[in-house]
Amino acid sequence: MDGDRRHLLLWFFAAATAVKLLLIPSYRSTDFEVHRNWLAITHSLPLSEWYFDETSQWTLDYPPFFAYFERFLSFFARLLDPKIVDLHKGLDYSADSVVYFQRITVIFSDLSLLLGVYRLTRKVETLKRNLICVLVVWSPGLLMVDHVHFQYNGFLLGWLLLSVSFLQDGRDLIGGFLFAVVLCFKHLFAVAAPVYFVYLLRHYCWAGLATGLRRLVALGSVVVAVFAAAFGPFIYNGQIQQVISRMFPFGRGLCHAYWAPNFWVFYIILDKGLAFTLRKLGFDVQVPSASFTGGLVGDSSPFAVLPQITPLTTFVMVLLAITPCLIKAWKKPQPGLVGRWIAYAYTCGFLFGWHVHEKASLHFTIPLAIVAVQSLEDAKHYFLVSIVYCYSLFPLLYEPQEYPIKVLLLLLHSMVMWLGFTALYSDEKALKEKEGGESKSKFEIGCIEKGYLIGLVLVEIVSQFLHPYFLGDRYAFMPLMLISTYCAVGIMYSWIWQLLKILT
């Protein structure tokens with residue numbers, strides 16, 4: 001039976017890999033050159049210069065484990081084509097050798113995602129396991145972000161899922177160790193650190209004075225050892241301040257892009273609406289230098305009327321939003337709820353955090369795929385939020401030739417979810433009726449959710465077809481603003497739903 005499970009998961013992964021190979025020639029963002037430059041930095045320079053190099057504008061700003069990962073890949077890159085890792089001659093290098101090499105490294109690195117899904121679903125019944133595998137391994141968001149736009153999110157999320165799987169098995173020390181590893185690969189995962197801290201303290205360390213102290217020391221030693229392995233060489237060289245400044249560039253501004261669908265979209269729109277109204281009434285309101293189309297990168301918070309937002313403000317808001325989850329984790333530290341709590345924490349970070357990347361929606365939607373099979377209500381919630389997050393990524397792939405790809409991926413994902421959840425809860429209903437019980441389980445979405453999804457289709461029609469046809473290049477920011485605002489409503493709804501689920 002276990003062999004059949006592995007074979008089926010491998011089949012899912014192989015099918016996804018075939019699609020990824022077909023996407024190799026597609027559009028790639030500046031992140032592609034970012035990672036190529038990191039290959040060159042880590043291969044050409046001594047470790048002491050990695051976080052100081054400014055040969056390219058795409059400087060190294062991920063934690064050391066990711067730099068070590070790039071260093072590892074650079075050995076193979078040099079064997080294939082030495083120009084890939086040439087710090088100067090390799091700038092903006094786009095030969096087929098570098099394209100195929102970097103694309104294939106992302107595909108191979110997804111093996112960690114495969115392992116994470118396998119460990120999480122070992123003890124799950126067949127239909128639920130298959131559905132989780134499809135939702136994660138065939139995630140349209142991962143396909144668009146990693147295998148078109150270009151990043152390594154699947155690799156990192158695989159490590160996160162491995163950590164969750166060990167926590168759910170009651171092996172807290174290994175789970176904490178793996179999360180520390182994730183943080184040393186990408187610090188943006190730190191939003192869930194309070195959840196890990198509270199849960200591990202209560203579930204693992206809170207076991208009497210002697211045992212608890214011993215476990216606390218063991219856990220602390222493991223975490224310190226991981227961070228020492230990552231940051232130790234830079235501390236030794238007296239460069240830790242430079243590394244931290246690269247990892248946390250607060251000067252980049254509140255928002256990474258105006259169309260990242262989070263709480264700050266409403267704040268920005270309100271500020272601009274107030275500024276416009278006050279100017280019409282004759283008040284002398286200064287217009288911020290950052291425009292709606294230009295984003296806020298490089299400007300800390302250019303608001304005309306509303307109070308300026310600082311990194312500390314966003315930190316406090318995220319922490320306050322997570323607090324109900326932390327209280328729940330302390331009172332009832334149940335391993336089966338860890339995935340739900342982590343997904344909620346990343347939702348809070350996405351909505352209220354500083355300089356949030358639009359791709360960060362993957363941090364909560366992938367864990368929510370694990371939660372989606374736990375109940376009918378979870379399935380309905382995931383169906384909606386998964387469509388919203390996938391649609392919110394559409395502006396990433398802005399070239400015309402990619403339009404059919406992203407639409408097809410979203411439609412296929414929606415169909416798979418509908419068929420999978422319908423089959424899952426039809427089977428559960430039939431089983432309960434066979435046992436003599438009464439079941440009202442049926443996968444269907446309510447009128448409000450249906451209305452919202454119809455509105456999403458209308459938003460796409462207006463943004464993609466009507467606006468260009470009637471207005472051309474005028475008010476070019478309007479489609480992105482419309483998509484961002486509408487998707488932000490959906491993700492705010494998801495946050496409130498998750499919060500209520502945690503509280504009840």
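Even glycines carry a Cβ here, placed using N, Cα and C.
Residues or ranges marked as transmembrane segment by TrEMBL: 7-27 (among others).
TrEMBL lists 100-120 (among others) with the feature transmembrane segment.
For 127-144 (among others), the entry in TrEMBL reads transmembrane segment.
Per TrEMBL, the feature transmembrane segment maps to 150-167 (among others). Long-range neighbours of the transmembrane segment (150-167) within the same chain, counting only residues 6 or more positions beyond its ends whose Cβ lies under 8 Å from a Cβ of the stretch, are 28-29, 31-32, 35, 102-103, 106, 109-117, 119-120, 136, 142, 174-176, 178-179, 181-182, 185-186, 189, 199, 335, 338-339, 342, 359, 362-363, 366-367, 370.
As annotated by TrEMBL, transmembrane segment applies to 174-197 (among others).
According to TrEMBL, the feature transmembrane segment maps to 217-238 (among others).
The transmembrane segment annotation in TrEMBL covers 250-270 (among others).
Same-chain neighbours of the transmembrane segment (309-330): 191, 194-195, 198-199, 202, 250, 254, 264, 267, 300-301, 303, 337, 341, 344-345, 348-349, 351-354, 495, 499, 502-503, counting only residues six or more beyond its ends whose CB sits under 8 Å from a CB of the stretch. Annotated transmembrane segment per TrEMBL: 309-330 (among others), in sequence order.
Here TrEMBL flags 337-354 (among others) as transmembrane segment.
Residues or ranges marked as transmembrane segment by TrEMBL: 381-398 (among others). Within its own chain, the transmembrane segment (381-398) is flanked in space by residues 27, 29, 135, 140-141, 144-145, 148-149, 259-261, 358-359, 361-362, 365, 368-369, 371-372, 405-406, 409-410, 413-414, 417-418, 421, 445, 449, 452-453, 456, 460, 480, 483-484, 487, 490-491, 493-494, 497-498, 501, which lie at least six positions past its ends and keep a Cβ under 8 Å from the stretch.
Sequence-remote contacts of a segment are chain residues at least 6 beyond its ends whose Cβ falls under 8 Å from one of its Cβ atoms, and for the transmembrane segment (404-425) they are 23, 26, 127-128, 130-131, 134-135, 138-140, 143-144, 148, 372-373, 376, 379-380, 382-383, 386-387, 390-391, 393-394, 397, 441-443. Positions annotated as transmembrane segment by TrEMBL: 404-425 (among others).
What TrEMBL lists as transmembrane segment is 476-496 (among others).
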* To do: Grab the same-chain neighbours of the transmembrane segment (476-496) for me: Cβ-Cβ under 8 Å, and only residues 6 or more beyond its ends, written as numbers and ranges.
  => 258-263, 265-266, 269, 291-293, 321, 344, 347-348, 350-351, 361, 381, 384-385, 388-389, 391-392, 394-395, 452, 455-456, 459-460, 462-464, 467
